[in-house]
Each structure stands twice: as C-alpha cells, then as structure tokens.
Amino acid sequence: MTPPALRPAHRPARTLTELRALLADLGSVQRAAAADVAAPEVVLHGVTHDSRAVQPGDLYAALPGSHAHGADFAAAAAASGAAAVLTDPAGAAALAGSVDLPVVTTADPRSDVAQVADWLYGQPSRSLTLLGVTGTNGKTTSAFLVDAGLRAAGHRTGLLGTVETRIADERVDSVRTTPESSDLQALFAVMVERGVTAATMEVSSHALAQHRVDGLRFAGALFTNLSQDHLDYHPTMRDYFEAKARLFEPERTAASVIGIEPGAGTWGLELAARVPGSVTYAPDPPADWWADDLTVGARGSSFTARGPRGLAVPMEVRLPGRFNVANALGALALLVAAGIEPRAAAAGIGTLAGVPGRMEPIEAGQPYLALVDFAHTPDAVETVLTSVRGLVDGRVIVVLGCGGDRDRAKRPLMGAAAARLADLAFLTNDNPRSEDPAEILAQMTAGIDRVATSAAKVTVIPDRAEAIAAAVAEAGPGDVVVVAGKGHERGQEQNGVVTPFDDRAVLAQAIADAGRPTGTGR
Ligand SMILES: CC(=O)N[C@H]1[C@@H](OP(=O)(O)OP(=O)(O)OC[C@H]2O[C@@H](n3ccc(=O)[nH]c3=O)[C@H](O)[C@@H]2O)O[C@H](CO)[C@@H](O)[C@@H]1O[C@H](C)C(=O)N[C@@H](C)C(=O)N[C@H](CCC(=O)O)C(=O)O
Ligand SMILES: Nc1ncnc2c1ncn2[C@@H]1O[C@H](COP(=O)(O)OP(=O)(O)OP(=O)(O)O)[C@@H](O)[C@H]1O
Ligand SMILES: N[C@H](CCC[C@H](N)C(=O)O)C(=O)O
Ligand SMILES: [Mg+2]
C-alpha cells in the first residue's frame, strides 16, 4: 500500500475563487462572475490526485486514467473531507448531482493540477536550487553523485528518485521514481520548511508525459542517454525521446547538460543541437566535458575532467565501471552549470562510496568479484557486462531476468546481450507480475543466436535463488558474478503478491553456503 504523502506543517489556505482565477489565467476556465462566487467561500488546504490520500480541505483532482476515471472515487474523496473537485468534462458529467461538492471543470486537469499544486504550496521549487536528471540509464547513480557534490558545496539537500526520498537527514523508501505533481509539490514545500536549499530529482519519461513536473523551475537538468525501454508506454523511441526532451524546454530549465557518448546512439547529439547553450559530456573528446588521463579499476576510476574555458578538475569516482566515469562527468558538468564551485563539486563526487544496488560489491570472503546491479535494459546489460569484462581476468557470469507487465520488446535483446557478452548466463525470474514467468523466459531465450551460442553457456533456472546459487557454484578465483535487474529492490512480485527477496542477501547467503563445508569456489 502506498504510504501517505508528506505534507507541509503549514497548511496552505487558498479560496476556490482564487483557484478559478488561476485557472482563468492559465486559459483553462472562464473567470467566474462575482455573482457566481460561492458563499460561504470554500477554502482549499491541499491537493491530491488520489482519493485514498485525501485530507480534510483538499482539492481532489479526479483525473481520467487508463484503468478508471478518478470521478469514480469522488464520493470516497468527499467522505474523507475533500472540499472541491477538479476534473474534465467526462468526470463532471459522471459527477452531476451525485457529489455534494463544488466541481471545477477543465479540458486537461492532469496538466492543470500540476500548476495548481505549484501555486497552492507557494511555488516551493523556486526557493530551491533544483536539479533534474533524466535518461534511460544512470539517473539514480548520477542523482546520488550530484547530491554528494551539492552537500560538499555546503547545501542542505533533498533527493528524490527510484531508491529513496531524502529530506536533509531523513530518508524514506520511494514508491515511484518521480511522484505525482500533487505529492511532489507538497514534498518540496516540506523541504523548504525544513531548511533544504538544493534538491536533486530523477525525472522519468512517464513523469514528463504525465505533466508531473509541470510548474517546476530547474536550475539545471541532465540527460544521461537514451536507449530502448518503456515501449509498453511510449509508442515509439521518438515518442520516448520527445517526452525526455521536454525537460530541456527553456521555460523549465536554466542550464542543460547532455550526455553524447557515441555508444549510446545519436539521441544526445540531437538533443544538444536542439537546446541552445547546452553543455555536452562523454568520456572522450570532443564533448565539452571529457576524462583525460583516465584509469579505470575494480573499485573506481580517477581522471582529470576537462571542461569548457580550459577548466581542468582532478577527480576520483569510487563507483566501478567506465560508465560511472560518464555518470561522474555528467554530475560534475551539471553542478558547475548550476554555479557550484568545480573543486567542491568534484570533492563531493569523490566521497560517494556507493549507490544501493548499482554495481554494489558483495564481500563474503570469496576469491572472486560479486556484484549486484540494476541493469534491466538491453543497453545497461551490454554496458555492465562489457565493463566488468575489463575488471577481471576470469569469467563473466551473469544472472538476469526481465520484469512482467513491462516492455516485452526488450526481453530478447536482454537475453541476447547476456548470451553474447557473458561466459555463463543464468536466466531467471524478475518480478513476473501478472505474466507467466515461463513465457517471459521463452521471450528472453528467443533472442539468443543458437548458432553462435554453446548450449552450456545459457541455463534457464526460473527460481531466482536457485539461479544465484548455480552462478555462485560456478564461480572461481578471478571470476565475476553479476546479479542484475533488481538492485535495491526488496521483493519479488508475482500475481499481486510481493515476496521478500533481496539479491544482496541471497547472493551473500549463496556464497556462504557454497563455502561450507569444503571451501570457496571451484
Ligand atoms: C502507466 C502510468 O504511469 N500510470 C499512471 C497513471 O495511471 P492511470 O492513468 O492508469 O490511472 P488509473 O489507475 O486509471 O486511475 C485513474 C485515477 O484515479 C485515481 N484513483 C484510483 C484508484 C482509487 O482508489 N482512487 C483514485 O483516486 C488515480 O490516482 C488516477 O489519478 O496515473 C496515475 C496517477 O494519476 C499514476 O499513479 C500511474 O502510475 C502507475 C501506478 C505506475 O506504475 N507508473 C509507473 C509505470 C511509472 O510512473 N514509472 C516511472 C518510471 C519508471 C522507470 O524509470 O523505470 C516512475 O516515475 O516511477
Ligand atoms: N551511464 C550509463 N550508461 C549505461 N548504463 C548505465 C549507466 N549508468 C548506469 N547504467 C546501468 O543502468 C543501471 C541502472 O542505473 P541507475 O539506477 O543509475 O539508472 P536509472 O536511470 O535511475 O534507472 P531506472 O529508470 O530504472 O530507475 C545500472 O545498474 C547500470 O547497470
Ligand atoms: N523502474 C523500472 C524498474 C525495473 C526493474 C526490474 N526489476 C523489473 O521489475 O522490471 C521499471 O519499472 O520498469
Ligand atoms: Mg532510477
């Protein structure tokens, strides 16, 4: 169940008349004549898009959805104390006469509710240095690096993303990568109340497409890369790109930083050409920011970041893999673009010892490298397996699955990448959700080139713990085992039931079990 959204201690209080005036200014409704203003005046103390989260005095935004219409839940919202409803014409028609609340109707309430929440909570993002991170892979990692840089520069920070939500020293698990606009604006209001001065947030393509971040003002935004994912939601890669590109519109974002690593295709270059004044980065020149004197190791990398106007900043990043050099460069470039002193930013980046579930080493006394990683796209699987190949002399062993109820087209590509780039691949379950796990695994193996792949190389073991144990049983000195796809997740979801499952604990246990009683490894 979704935990209740955080709300500021100081409740806003704006009238329905003021709300109508705002919506009139946005061109969404006609300005009410004085005679039409309700008496007594309705006062709004909050806003939510979810009837289950309504608090007394809230505006309930009854939004059209893909499963239901929010209007279906307006009676429940009223019972919880909602003061008014914002909805579309279909919602208003459904509500006519059935709910005893004032109803404000606009053509696109999903877009309007973001503006309303920004206004109701006093435009909190404008009191923060707000930095946004988008892209297919590397958002969470980059956001953690940016946050470390902001803290080193003396900011009291907030962080929002897939793994956790942080308000200065308080941390809670995140429900989604980017919250709905009503929850997001309330969260920023809480941050401002608690003295946060700068915040970093991951901005998903779903969030951009669904107007969740409308109304926010970003001091800077970062585009990491774009490759295949979420084609269950976006009709084409171009639609997916255009959703991400919205973050870089000049009215939202003051400074734009764009990854243009050649391996990630040409989307970054296209975006950089579109955004005047944008700054680019990649491990190699001719990007504006690149890594000189680069040394990549199993525990991290060191290099000199070369930037615009002859800037040269010595850097260490304590996250393994060459792709984390790109993430560190992007973080540095974003921080500098937002006015942070480069050496403070670099020092902060160098303090980050790890990101939960991203290239996270598991140390259980074994004579090989064991990593838990969140790769769950074809590009991430390829990037991670290529990267670890350079870190060890031995074999690359991977455990990997694909989530149910998500982009099906990526499954054969992920299976193919694992078979092509690992010495041994164990294909297994990863959150089958409502789908048949055997069918998901069949789609993964369908991508494997049978001619080029020996039968011994790929093993299908649906039970994830058994697959991890099988990988560990194969591992010997100098090898690397990568357990990919679930990262920080703590559950395996099937048919609506989430069973506790943490790759990090299961991998550590498998290593311990393999070491008993005859010693570790082969
Ligand atoms: C595909 C998607 O993004 N769907 C979002 C969309 O849902 P929807 O249009 O299907 O809504 P619906 O279920 O038909 O319900 C209609 C309305 O009734 C409301 N409702 C529903 C039930 C109820 O009891 N009371 C109530 O008020 C809902 O809040 C909604 O506003 O609008 C809802 C809010 O209005 C979102 O909560 C919902 O996110 C769903 C839960 C979701 O799983 N989203 C994921 C895919 C997502 O957003 N992921 C991204 C990125 C992931 C990544 O980077 O890999 C993220 O930012 O997390
Ligand atoms: N710059 C990068 N290029 C390619 N792959 C990367 C990059 N950074 C990270 N990855 C891979 O992608 C995985 C996910 O990384 P991370 O969680 O930082 O990205 P994300 O964009 O936040 O993902 P999600 O949208 O699922 O939350 C990592 O575990 C790693 O395998
Ligand atoms: N934010 C990603 C996470 C996927 C992780 C993987 N474990 C899965 O379940 O597919 C998504 O919802 O697509
Ligand atoms: Mg993320």
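From the backbone N, Cα and C atoms, a Cβ is placed for every residue, glycine too.
In TrEMBL this protein carries:
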- 44-106: domain 'Mur ligase N-terminal catalytic' (DOMAIN)
- 133-334: domain 'Mur ligase central' (DOMAIN)
- G135, T136, N137, G138, K139, T140, T141: ATP binding site (BINDING)
- K244: N6-carboxylysine (MOD_RES)
- 357-487: domain 'Mur ligase C-terminal' (DOMAIN)
- R406, D430, N431, P432, R433, G485, E489: meso-2,6-diaminopimelate binding site (BINDING)
- 430-433: motif 'Meso-diaminopimelate recognition motif' (MOTIF)
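Shown here: features listed in TrEMBL, placed on the structure.
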| residue | record | Cβ within 10 Å |
| --- | --- | --- |
| G135 | ATP binding site | 26 |
| T136 | ATP binding site | 23 |
| N137 | ATP binding site | 26 |
| K139 | ATP binding site | 25 |
| T141 | ATP binding site | 29 |
| K244 | N6-carboxylysine | 25 |
| D430 | meso-2,6-diaminopimelate binding site | 26 |
| N431 | meso-2,6-diaminopimelate binding site | 24 |
| R433 | meso-2,6-diaminopimelate binding site | 15 |
| G485 | meso-2,6-diaminopimelate binding site | 28 |
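With respect to their backbone Cα atoms, T140 (ATP binding site) and D430 (meso-2,6-diaminopimelate binding site) stand 20 Å from each other.
Taking CA atoms as the reference points, E489 (meso-2,6-diaminopimelate binding site) and T136 (ATP binding site) are 18 Å apart. The binding-site residues examined here are G138, P432; by Cβ neighbour count within 10 Å, the least packed of them is P432. Excluding R406, D430, N431, P432, R433, G485, E489 themselves, the residues of that chain whose CB lies within 8 A of the CB mean position for the meso-2,6-diaminopimelate site are, in sequence, H376, G401, C402, G403, G404, N429, K486, Q492, E493. Candidate binding-site residues: T136, K139, T141. Nearest to R433 (meso-2,6-diaminopimelate binding site) by Cα distance: T136. Considering only the binding-site residues D430, N431, G485, N137 (ATP binding site) has G485 as its nearest partner by CA-CA distance.
Around R406 (meso-2,6-diaminopimelate binding site), the same-chain residues at least 6 positions away in sequence with a Cβ under 8 Å from its Cβ are H230, D232, R433. With respect to ligand 2, the recorded positions K244, R433, E489 contribute no residue with a C-beta closer than 6 angstroms to one of its atoms. Checking the binding-site residues R406, N431, P432, G485 against ligand 3, the ones with a C-beta less than 6 Å from an atom of that molecule are R406, N431, G485. A distance of 13 Å separates the Cα atom of G485 (meso-2,6-diaminopimelate binding site) from that of G138 (ATP binding site).
Most buried of the binding-site residues T140, E489, judged by other Cβ atoms within 10 Å, is T140.
Under DSSP, the residues of the motif 'Meso-diaminopimelate recognition motif' (430-433) split into helix, strand and coil as follows: 0 helix, 1 strand, 3 coil. When the recorded positions K244, D430, N431, P432 are ranked by how far their Cα is from the Cα of G135 (ATP binding site), K244 comes first. Checking the binding-site residues K139, T140, N431 for a CB within less than 6 Å of any atom of ligand 4 leaves K139, T140, listed in sequence order. Residues G135, T136, N137, G138, K139, T140, T141 make up the record's ATP site, and a Cβ search at 8 Å around their centroid adds V133, S142, E202, T224, N225, N327 from the same chain.
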